[in-house]
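Remarks on the structure that follows.
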């Protein structure tokens, strides 16, 4: 009966693949995977990453696509069909997607902000601005860098702590409103409009990445970055965190547990080959991560080499002026020898100068690990400003970020809207355009919190705690529900009905044993990590020092973190409890009659 329900469909299977790629291939592929490669063994990280793709990524993606396609419902309806007691699983997915939508679109607002400023010559983050007296540069900018100053002061206008909430920044609020307006126009008519947009949001980032790859490989020092990336540090394979990080990256980069994949698959033809599409989307997603890392490390190598050579040149200039040496007598090749000579010949003068002589190291520059917004809006901006025609590459880069962000938002909003439009009570009273508009408006209003002076700290709270444990629990319950409540044999028959063949032993072993054990291991790891961490802390910007400092979260922030985790996870047992009470009351009414 679920399969026979009338439902709008994708125009063709290719459109569905593009929708999944647009959703799954997001900012995490660009700013999270390169960071993990850098932290956990360079090329050696690919070994646990591929193992986790086979053991966790593809099986769980196939399971969610199959459930959505078979049940022809959003996350709430799909799990309610499998068992009425599982309605809370779908509600939990919607709650997590709602939390994600609240803060994720702020990234698109920041991308719009940087994109608009990319048309200036010179780029506004290329140099420090003058102070109010125009007698020098801003003191805060001189203590840090022009790119960090533009990010923390001119973009975020960040407060010194979470307690100092400040006011809403109207420029960022306008950019956020624009971001939500774009998302609303993309989802206005459901699959009819989203299906057209995903062709753009899925394909354009690859065009930009290819342009950046060609440019990146021709940059001075790009080879240093690529050597750093592909040099395997096999000793990291003995580090449990390497395997945990690989499993986590696969899990979150595919967007499992949010309900978006179930929603997208529910618009498929019943005979769609979801097995083939699960493999295609998984492989494209993982290949994109590696491809984006090659681009990132070529840029990273250029930035590190540029900073290293700038450091060397400053030291050479300092020594030439201090010791009145001949021009050309000091070079990068003989710098260390000359430093030893000057130290031995002029010990007192060199000792006075020593605090100003920086220890320049290319390896140290390459070892600087940055992820998230730091990589997207600071490191890339630092590299772009030193390129030829920086405005062109800045526009391309932030336009790519925008496409990746909007593509992910289409999936996030689909996870919320599909269960709402599936509800007869809501869909019969309000047209789809109104439902979409209300969801976008509510998210936009709540999202203004993230445009306040302390908004970036709240962004980090939502980013770190709103989804991690919740999604692990959701997907664990999903897997157990399909294999042990709905029944693996019954699920086999459903797949045979849809694609004409039953799943082989690989899929069944992964679903029934390997994937659940991996999720339980991840859940225990994160739970233990949170407990052992003690007082939760965050990174606050200290304008007087021009750097980030560590502070403890205040009590009310810890309460919000607890509510974020509980709001979604408690939906699962509460949903089962409410269903049990309803059935019990219904039986009692029947027995009394």
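Using the three backbone atoms N, Cα and C, a Cβ is placed for every residue, glycine included.
Under the heading Na(+) binding site, TrEMBL lists 24, 25, 29, 253, 285, 404, 408.
Counting only same-chain residues 6+ beyond the ends of the transmembrane segment (12-31), those with a CB under 8 A from a CB of the stretch are 107, 194-195, 198-199, 201-203, 205, 249, 252-255, 260-261, 264-265, 267-269, 272-273, 277, 280-281, 284-285, 288-289, 292, 296, 371-373, 375-376, 401, 404-405, 407-408, 410-411, 414. Taken from TrEMBL, the feature transmembrane segment covers 12-31 (among others).
Sequence annotations record features per position, and here TrEMBL assigns transmembrane segment to 43-63 (among others).
Residues annotated as transmembrane segment in TrEMBL: 84-104 (among others).
The transmembrane segment annotation in TrEMBL covers 170-188 (among others).
Per TrEMBL, the feature transmembrane segment maps to 197-223 (among others).
Within its own chain, the transmembrane segment (243-267) has Cβ neighbours under 8 Å at 7-10, 16, 19-20, 23-24, 26, 28-29, 32-33, 36, 39-40, 45, 48-49, 51-53, 56-57, 60-61, 64-69, 71-75, 78, 90, 93-94, 96-97, 100, 191, 274, 281-282, 285-286, 289, 408, 411-412, 414-415, 417-419, 467, 470-472, 474-475, 478, 518, 521-522, 525, counting only residues six or more beyond its boundaries. The feature transmembrane segment is assigned by TrEMBL to 243-267 (among others).
Taken from TrEMBL, the feature transmembrane segment applies to 279-300 (among others).
According to TrEMBL, the feature transmembrane segment maps to 395-417 (among others).
Under the heading transmembrane segment, TrEMBL lists 438-459 (among others).
The annotation transmembrane segment is assigned in TrEMBL to 465-488 (among others). Residues 60, 63-64, 67, 79, 82-83, 86, 89, 92-93, 95-96, 99-100, 103, 251-252, 256-258, 508, 511-512, 515-516, 519-520, 522-523, 526-527, 530, 561, 564-565, 568-569, 572 of the same chain, all 6+ positions outside the transmembrane segment (465-488), place their C-beta atoms under 8 angstroms from a C-beta of that stretch.
For 509-528 (among others), the entry in TrEMBL reads transmembrane segment.
Look at TrEMBL and you will find 556-581 (among others) tagged as transmembrane segment.
Take the transmembrane segment (509-528) and the stretches 43-63, 84-104, 170-188: counting Cβ pairs under 8 Å, 43-63 has the most. Other residues of the same chain near the Na(+) site, with their Cβ within 8 Å of the Cβ centroid of 24, 25, 29, 253, 285, 404, 408, are 21, 23, 26, 27, 28, 254, 255, 288, 289, 407. The stretch from 43-63, 84-104, 170-188, 197-223, 395-417 that makes the most Cβ contacts under 8 Å with the transmembrane segment (438-459) is 170-188.
Under the criterion of 3 or more C-beta pairs below 8 Å, with sequence separation of 6 or more, the transmembrane segment (279-300) and the transmembrane segment (43-63) qualify as touching. Distant neighbours of the transmembrane segment (556-581): 84-89, 91-92, 95-96, 99, 162, 461-462, 465-467, 469-470, 473-474, 477, 536; these residues of the same chain sit at least 6 beyond its ends, with a Cβ under 8 Å from one of its Cβ atoms.
Highest Cβ pair count under 8 Å relative to the transmembrane segment (197-223), across stretches 43-63, 84-104, 395-417: 395-417. Neighbour density for residue 408 (Na(+) binding site): within 10 A of its CB lie 27 other CB atoms from the protein chains shown.
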